[in-house]
Amino acid sequence: MERVNRVALIGTGAVGSSYAFALLNQGVADELVMIDLNKEKSEGDAMDLNHGLAFAPANKKIWFGDYKDCAYADIVVITAGANQKPGETRLDLLEKNTAIFHSIVNNVMESGFDGIFIVATNPVDILTYMTRTFSGLPANRVIGSGTILDTARLRFQLSEYFNIDTRNVHAYIIGEHGDSELPVWSHANVAGRSVFDRIQDHPDLYDIQDLDTIFAQVRDAAYHIIERKGATHYGIAMGLVRLTKAILHNENAVLTISGYVDGQYGVDDLYIGVPAIVNRQGVMEIIELNLDSEEKLKFEKSVSVLKETMKPLKESSMYKDSEISRK
Ligand SMILES: NC(=O)C1=CN([C@@H]2O[C@H](COP(=O)(O)OP(=O)(O)OC[C@H]3O[C@@H](n4cnc5c(N)ncnc54)[C@H](O)[C@@H]3O)[C@@H](O)[C@H]2O)C=CC1
Ligand SMILES: CC(=O)C(=O)O
């Protein structure tokens, strides 16, 4: 008999409830337990989703629960915490969300959880690092959504520009999930033809300068959406389901997640957006791209933004106590 797999979702706000809906519609997990500080909302969501089960691709179990339900979870997905208000950057959320994560991750670990964490809350790279610190789990079993959404946004923008199906566009955004991220144009291709060649093939239609505009649209997408509707949630929810599926179905899928980099790209001890092979073990391997000199400089800048932002956090008692208790 096949083993039942369980996802525990912590945070059933805009991102969390969209994730639950997408997970159910794609039939990815057998069981989904939903946990939130706002119990009424979480309970209401579980009831509402159960009423959709008759229309789902397979019968699933969904309930509103608490931290003890994490004990048998294969994956704990965290989407809890504050989101950006118009004009705020992701890094502005750091202090508030680190304190929230300290309590959440400790509660999860007290349940006896021994699976894989997926983190989406912002600033995602740093909170993924803190989840690893607070949990003491091996780095390959703590994964951030990283630039999975930014990469999807880039593929969408390029597909619109070249008028080619998104699934035939291969391009990555790496670095911080935030303002210092960068596109890896040196490895971007459309159906196997580099974006530069594709532009040269049709000088009447395309212009290399347009790539800057395309990247700006990707980098600033969250600001534009938040200005209009207060939050972004469908894109990330589908990205998180993609990541969940890669793990539960042992896919060896290459996704741009926030992975633990320790030596690769000449960087030590950091979570940052990079392409990685993901399967049932979590992150199997960080893929080290041959960046060109301009990309290398931009990646280094992104690394230093994250490292500088983390400095005060690493001096906090929350961080130091967790480090000591792990030893
Ligand atoms: N990584 C990515 O690409 C993306 C990340 N995000 C981030 O996801 C996070 C959530 O965003 P939204 O869902 O829009 O926010 P939201 O405000 O709609 O939902 C947050 C939920 O967290 C819950 N919560 C707060 N503290 C909690 C605690 N201690 N324990 C349990 N639950 C708690 C709240 O009750 C609320 O239901 C934000 O940090 C946002 O920036 C959003 C979109 C994309
Ligand atoms: C909010 C956020 O991080 C995003 O939509 O990219």
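The first residue you see is number 1, and the count goes up from there.
In case you wondered, yes, glycine gets a Cβ from its N, Cα and C as well.
Feature annotations, courtesy of TrEMBL:
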| type | residues | note |
| --- | --- | --- |
| DOMAIN | 6-144 | domain 'Lactate/malate dehydrogenase N-terminal' |
| BINDING | 11-16, Asp36, Lys41, Tyr67, 81-82, Asn97, Ser103, 120-122, Ser145 | NAD(+) binding site |
| BINDING | Gln84, Arg90, Asn122, Pro123, Val124, Asp125, Asp150, Thr151, Ala152, Arg153, Thr232 | substrate binding site |
| DOMAIN | 147-315 | domain 'Lactate/malate dehydrogenase C-terminal' |
| BINDING | Arg155, His170 | beta-D-fructose 1,6-bisphosphate binding site |
| ACT_SITE | His177 | active site, proton acceptor |
| MOD_RES | Tyr223 | phosphotyrosine |
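Each of the binding-site residues Gln84, Ser103, Thr232 was scored by other CB atoms within 10 A of its CB, and the lowest score goes to Ser103.
Counting in whole angstrom, Arg155 (beta-D-fructose 1,6-bisphosphate binding site) lies 16 from His177 (active site, proton acceptor) by their C-alpha atoms. Candidate binding-site residues: Ser103, Asn122, Thr232. Those with a Cβ under 6 Å from ligand 2, in sequence order, are Asn122, Thr232. Taking a Cβ cut-off of under 6 Å from any atom of ligand 1, none of the recorded positions Asp150, Ala152, Arg155, His170, Tyr223 qualifies. Shown are the binding-site residues Arg155, His170; of these, the residue with the fewest other Cβ atoms within 10 Å is His170. Spatially close to Asp150 (substrate binding site) yet at least six residues away along the chain are Ile173, His177, Glu181, Val218, Arg219, Ala221, Thr256, Gly273, judged by Cβ distances under 8 angstroms.
Per-site Cβ counts within 10 Å over the binding-site residues Ala14, Val124, Ala152 peak at Val124. In sequence order, the binding-site residues near Gln84 (substrate binding site) (Cα within 10 Å of its Cα) amount to none of Gly11, Ala14, Asp36, Ser103, His170. Of all residue pairs in the substrate-binding list (Gln84, Arg90, Asn122, Pro123, Val124, Asp125, Asp150, Thr151, Ala152, Arg153, Thr232), the one with the greatest Cα separation is 20 Å apart.
Among the binding-site residues listed here, namely Ala14, Asp36, Ser103, Ala14 has its C-alpha nearest to that of His170 (beta-D-fructose 1,6-bisphosphate binding site).
Close to Gly11 (NAD(+) binding site) in the fold, though at least 6 residues off in sequence, lie Ile35, Asp36, Ile78, Thr79, Ala80, Gly81, Thr121, each with a CB less than 8 Å from its CB. Sorting the domain 'Lactate/malate dehydrogenase N-terminal' (6-144) by DSSP state (H, G, I as helix; E, B as strand; all else coil) yields 68 helix, 25 strand, 46 coil. Per Cα geometry, Thr232 is the residue among the recorded positions Val124, Ala152, Tyr223, Thr232 nearest to Ala14 (NAD(+) binding site).
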